[in-house]
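Peer 1: Dumping the structure here so I can ask a few things about it.
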Amino acid sequence: MHRPFLEQPEYRDGHRRQDGAAGLIGHRSRFPSIVGRRCDSATGSLRIVGAEYTAWNSGRTSRSGRSTSARSSVPGIGPSGWQTPLVDSRVELGVIAVFAGLLVGAVLFVPFVALSYRRRGRLSLGRLALFVAALVYFWALWAYTLLPLPDPQTLVCAGTNTDPLAFVDDLWGAWSNIGSPTAFLRDTAVLQLALNVLLFVPLGFFVRALGGRGILVAIAAGFATSLFVELAQLTGMWGAYDCAYRVFDVDDLLTNTVGAALGSLLALVVPRGLSDPSADVDPGAPRPVTVPRRLLAMLCDWLGYTLTTFAVAVAVRAYLIYLADDRATAVEGPVSTIIGGSVTLAVWLLVILTTGRSPGDHVVRLRYVGGSMPVAVSRLLRFLAGIGGYGLLDLLPEEWSILVTIFAGVAVVTALFTRNGRGLPGVLNRQELVDSRALPQPAVEVDSTTRT
């Protein structure tokens, strides 16, 4: 498992080293094979680990109480300027995780809302927040365990630890050489163990809070995820590198799995309504039609239109570049965007003409009813007063883009200030907006002879 400046630099020549000049700790090494293939001639330490050792050791006191600042006189070990690159790299990984989570969240938002309405009858803000947090955690887990990838030209092969429970010896050795509880809690072996446990606590938490699964599933998920990460590191990202670029540690399988189990227990405090889809009385029961629900339908339509248009445009552009060998048209012209938007609008029009509801309406289970216009006309107006009008204006040349903004503004304002959020389609069609689950079932025809 990846352990930035907490563990790897301590191991050299098959031994765990103390800070300063206190010598070697008298317990067995966790990583007897940590020695890399190339070493830095100036320091005698592993080249790729030396910078992390500088970061971890700079400004720290030894277990004997002596300062380690004397190391600044050794070439390649001094503390100057290490903080910013290391901190920045971890901040960058965090930013990558957040943006990747939000991007994937946007792609999966519509399916998540649809699933919530089918399984729970509604969408709650609490469950939506859990969903977004889980996506950010997912990317953070991979970013902090597998990134950044090293330069193959300067790669130093990492070692392995296949001795289960070797961390017990590390903890005992740290306590024996420190003695002070406060200093013991700050020791790298203790911090590494705690961080490896904490890293997988969210995994077990989300397994129960979002998936509704118990501790056994959380343990299995934690072990499987940890094993995947460890094998990716051991195999050099599945053969992308000639050897392991981070330490494979069998103890991480245990500590990560323990973290997932603790997270599952922690999720027991989550209200049942957030973690158990069956907590609602009846997902098929009608719900009140509100303005936020209508706005949610509009958001689903817009997201679906935007993502589908983008996907089709990318496919068209790839065809023009790689199959039609027409890079100029693909890069400079609006052909791909026009085709993408047109295909998406055709799909939305087909859905509305055949069902009377947009995909967004289907997702949140809404329907327009009433009105005196013919069905075909009212459904066409439903398309033009919704995402259809937005999309058609969006296909106009760029100098007309202000019309798209005006149309979107009018659509949102009318949804905010009309009854039940029926918005522009309801106003033009003189229709009301209802929960599709509240519609009466088709009447059964009765034989005329039974009528009185």
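Cβ atoms here come from the backbone N, Cα and C positions, even for glycine.
Caution: TrEMBL annotation is automatic and unverified by curators.
Here TrEMBL flags 93-116, 128-147, 189-207, 214-241, 253-270, 302-323, 335-356, 368-388, 400-418 as transmembrane segment. According to TrEMBL, the feature domain 'VanZ-like' maps to 135-269.
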Peer 1: May I ask whether the transmembrane segment (368-388) has at least three C-beta pairs under 8 Å with the transmembrane segment (189-207), counting pairs 6 or more apart in sequence?
Peer 2: no
Peer 1: Decide whether the stretches the transmembrane segment (302-323) and the transmembrane segment (128-147) have at least 3 CB pairs under 8 angstroms, with pairs required to be 6 or more apart in sequence.
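Peer 2: Since fewer than 3 Cβ pairs under 8 Å link them, the transmembrane segment (302-323) and the transmembrane segment (128-147) do not come into contact.
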Peer 1: Six or more residues beyond either end and a Cβ under 8 Å away: which residues meet both conditions relative to the transmembrane segment (335-356)?
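Peer 2: Sequence-remote neighbours of the transmembrane segment (335-356) are 301, 305, 308-314, 316-317, 320, 329, 362, 367-368, 375-376, 378-380, 382-383, 386-388, 391-392, 394-395.
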Peer 1: What same-chain residues lie close to the transmembrane segment (253-270): Cβ under 8 Å, and 6 or more beyond its ends?
Peer 2: 1, 164-165, 167, 193, 196-209, 214-215, 218-219, 221-223, 225-227, 230
Peer 1: What same-chain residues lie close to the transmembrane segment (214-241): Cβ under 8 Å, and 6 or more beyond its ends?
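Peer 2: For the transmembrane segment (214-241), the list is 1-2, 141-142, 145-146, 149-150, 152, 155, 158, 160, 200, 203-204, 207-208, 247-250, 252-253, 256-257, 259-261, 263-265.
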Peer 1: What does the DSSP secondary structure composition of the domain 'VanZ-like' (135-269) look like, as residue counts for helix, strand and coil?
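Peer 2: Looking at the domain 'VanZ-like' (135-269) with DSSP, the answer is 99 helix, 4 strand, 32 coil.
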